[in-house]
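See below for the structure under consideration.
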Amino acid sequence: MKLTINKNSAKWMQLPRDVLVGHGVLEEIGDVCRDLKLKGNALIVTGNTTRDVAGKRVSTLLENAGSSTEMVLTCRATMEEVDKIMQKASETGATFLLGIGSGRSIDLAKLASTRLEIPFISVPTAASHDGIASSRASIIDNGKNASVQAQAPIAVVADTEIISAAPFRFLVAGCGDIISNYTAVLDWELASRLRNEYFGEYAAALSRMAARVVIENADSIKPEHETSARLVVKALVSNGVAMSIAGSSRPASGSEHMFSHALDRIAPKPALHGEQCGVGTIMMMYLHGGNWQEIRDALKKIGAPTNAEELGIEDRYIVEALLHAHSIRPDRYTILGNGLTPSAAEKVARITKVIS
């Protein structure tokens, strides 16, 4: 039998080399850099709050390990901020970057380091979404949220002592982002069947497993609890790995994410990304004919929003976001197809009790 190899089927997988998750692991960041042969000038990308939470300590630890450090403070995840970081890196001769924060600083360091062609380390101070280990960066470009391909971190250092001390709302949002894997994978399977899109079994299985772990442990996810933080961080890292294996965000981003991005554009005051994705997952699971009640019940146990009122968003914006969600990424086929009718959008939101 002759084996035919399709050269176009080859995929590049970029995964973190070191992942440290646990109590006090921030203190090991110097060892991580030595292990990865990272030396020279480090540029720390962080925010005002996270500078005090972890940024200053990381700077001290790196200098004790023999590196020199500079710090750049960020305020918004915009392309202008990326340019600012790149300029600072060039001025200081940075040989590697560290993103320290709950998401924004990590995404900025991720994209800036990709363009500079130097490695970066992800140091999350909260577990609010799966960007901590993925090769995607959420950036505001020309006033609109965009998901941009970038490099994965060379290492992730997630100190659960720090993460568990962050506002519990961030951890809850991270759970919503993970649980949304269920409908993301269903959308991916649908696109494979109807549009002959590539579907990766391994990436899909890893994505589903992360969501299942969070749902099965929903009762035990509590505030200021390091075990909870560890569980959620590991699931978020698994999401990042699944996306790297797939070569796209498909395993963790489908119609529920498109709904969330539509809300970002429409609602005057959007909620957290993971919170909106969780609510979106309830409705998209209904459209898929799945067990949407299980999704809703798990989110309730964790303390996540399950309706418009809990999101702090008016009912009409939920319906409007459902109507526009399919157009957020026209190239990505989902259960939304070519869009819902106004009556269908209102029906799914009412049946799932997302609106009253």
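Backbone N, Cα and C atoms are what each Cβ position is placed from, and that goes for glycine too.
Small disclaimer: the values here were computed from a predicted structure and weren't measured.
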Exercise for the section: Write down the one residue from His257, His288 that Swiss-Prot lists together with Asp177, His273 as binding Zn(2+). Expected result: His257
Handout entry: Spatial neighbour of Gly103 (NAD(+) binding site) that is closest, considering only the binding-site residues Asp177, His257, His261 and their CA atoms
Key = Asp177
Completion exercise
Students should find that the Cβ of His257 (Zn(2+) binding site) has, within 10 Å, a number of other Cβ atoms equal to 28
Practice task
Find the one among the binding-site residues Ser105, Asp107, Ser128, Asp130, Asp177 whose C-alpha lies closest to that of His257 (Zn(2+) binding site).
Solution key: Asp177
Problem - By Cα-Cα distance, the member of binding-site residues Asp130, Asp177, His261 nearest Ser105 (NAD(+) binding site) - result: Asp130
Problem - Alpha-carbon distance [Asp130 (substrate binding site); His273 (Zn(2+) binding site)] in Å - result: 11
Problem - Integer Å distance between the CA atoms belonging to Asp107 (NAD(+) binding site) and Asp177 (substrate binding site) - result: 16
Fill in the blank from the handout: DSSP output for His257 (Zn(2+) binding site) maps to helix
